[in-house]
């Protein structure tokens with residue numbers, strides 16, 4: 001894997017393959033395509049800013065067409081037409097002081113022929129604009145026709161700007177990264193290309209993959225916005241997978257995240273505690289895991305079952321996972337089966353593994369090989385939000401799967417999910433929620449791993465950025481990150497026929513012990529038998545059990 005950059009001035013995803021049916025170039029250089037960290041020139045005048053869009057017209061076969069818009073704006077003095085460095089220090093204003101006023105005001109100055117020269121940026125007669133500019137040339141600029149042409153373009157473009165565009169330019173947040181990110185998301189939502197063209201270069205200068213938490217998160221949020229404009233979010237999501245590094249002496253990126261923060265440990269321990277409690281005394285146990293990944297969750301449960309008085313039960317695990325996770329593991333589910341079989345053998349637990357190599361939304365009862373007499377436990381750890389609901393497809397696999405599981409009469413269903421509302425919220429609201437949620441995640445990571453640490457950058461890029469880009473850049477079936485808050489999960493589960501099964505006091509005490517080795521900023525809360533783990537005042541992960 002290529003080295004990951006440690007500076008905000010480079011692309012946070014390296015050489016990620018992407019689809020670009022539309023290309024948005026925020027500079028005149030085609031090499032800067034969709035590059036959110038290319039520094040804009042530091043100048044008071046936005047120089048002949050080109051906005052180029054290329055696309056393939058369905059009516060024109062393979063022909064390309066280009067549309068160019070040029071804006072020359074003096075951002076430091078929007079009401080003035082004079083340029084910095086002009087031979088004349090005279091500032092030319094409209095009568096009202098506004099660059100949008102169509103009232104002509106005359107200064108009384110005359111040119112060499114004795115005709116009056118207008119000191120206004122605009123004229124009532126558009127056909128007279130060129131001649132007035134020539135007159136200005138004689139008085140102020142001599143015979144440099146290039147400068148006159150540039151001024152002509154400037155004035156013409158200022159005349160073409162709609163009032164609301166000037167409002168956007170003048171009210172753009174300055175220096176506040178969070179506010180500017182949200183403002184840019186609103187501009188994207190409303191297809192305000194003018195505001196986007198102003199904000200993206202500013203955002204590029206403010207983000208860094210090795211900076212403070214908000215700067216690091218901002219790097220991926222900007223990438224998500226640019227990918228949304230270029231319709232390349234889905235290709236980025238598919239390319240960024242938590243693949244284990246090829247070097248045998250390095251742990252997986254996901255393991256870095258697992259060790260840096262307690263979120264996964266919290267989910268695994270609380271779910272395992274609920275399962276162990278529900279199958280207490282059972283001789284044959286069948287665990288159905290809807291996202292088994294590398295199977296790490298079940299190691300501690302096998303160990304606990306091995307120590308059960310009277311000997312361990314027979315354990316069968318059905319592991320469900322798709323080809324994306326197979327890529328991340330470096331192989332198919334047979335690798336997980338061999339690993340868990342080896343561990344069960346070490347603990348002398350009778351064990352069998354059933355591999356189901358499909359996505360959770362494709363599961364049917366026949367895939368699960370239910371055997372009468374086995375106590376069934378079904379586990380959804382950070383997975384149910386990936387299964388599409390009624391807003392994506394009329395099939396509504398999310399509720400279908402819950403009804404299917406209920407039909408199995410499980411002893412327990414465990415649900416661990418992010419406490420975030422990104423499923424049906426409008427884009428700008430979803431963007432703000434994503435920004436708030438992952439700010440807390442990045443802040444908590446900041447305590448555990450140095451900002452310049454390459455593995456931290458790799459971990460954030462491959463395990464978090466792919467989620468962020470999917471949330472920001474994708475819609476419809478391509479958006480697979482669709483979180484819901486616990487209240488909505490509760491409604492779905494109860495509608496499917498489930499009832500709450502409060503987590504035991506032992507589980508609560510075990511989690512509290514776990515958190516003692518982490519920052520006191522991690523907060524654990526229990527409400528009605530449901531456990532919430534948060535960072536400071538922001539709930540992040542919620543764990544519950546159902547029967």
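Note that the numbers count up from 1, one per residue, in the order the chain is shown.
Using the three backbone atoms N, Cα and C, a Cβ is placed for every residue, glycine included.
Caution: TrEMBL annotation is automatic and unverified by curators.
Keep in mind that this is a model prediction, so the values were computed, not measured.
Annotation comment: TrEMBL describes 75-91 as compositional bias 'Low complexity'.
According to TrEMBL, the compositional bias 'Polar residues' annotation covers 107-121.
Per TrEMBL, the feature region 'Disordered' maps to 50-124.
According to TrEMBL, the region 'Leucine repeat I (LRI)' annotation covers 175-235.
TrEMBL lists 254-319 with the feature region 'VHIID'. Note: the region 'VHIID' (254-319) comprises 33 helix, 12 strand, 21 coil (DSSP; helix = H, G, I, strand = E, B).
For the region 'Leucine repeat II (LRII)' (335-367), the residues of the chain that approach it from at least six positions outside its boundaries are 290-292, 294-295, 298-299, 302-303, 305-306, 312-323, 326, 329, 383-384, 386-388, 397-398, 401, 404, 407-408, judged by C-beta separation under 8 angstroms. Residues or ranges marked as region 'Leucine repeat II (LRII)' in TrEMBL: 335-367.
Taken from TrEMBL, the feature region 'SAW' applies to 473-547. Applying DSSP to the region 'SAW' (473-547) sorts its residues as follows: 25 helix, 22 strand, 28 coil.
Counting same-chain residues at least six beyond the ends of the motif 'VHIID' (285-289), those with a Cβ under 8 angstroms from any Cβ of the stretch are 275, 279, 297-298, 301, 305, 313-320, 368, 370-371, 374-379, 381, 405, 408, 410. The feature motif 'VHIID' is assigned by TrEMBL to 285-289.
Counted with DSSP, the region 'Leucine repeat II (LRII)' (335-367) comes out as 18 helix, 6 strand, 9 coil. Secondary structure counts, DSSP: the region 'Leucine repeat I (LRI)' (175-235) has 48 helix, 0 strand, 13 coil.
Mean predicted confidence for the region 'SAW' (473-547): the pLDDT average there is 96.
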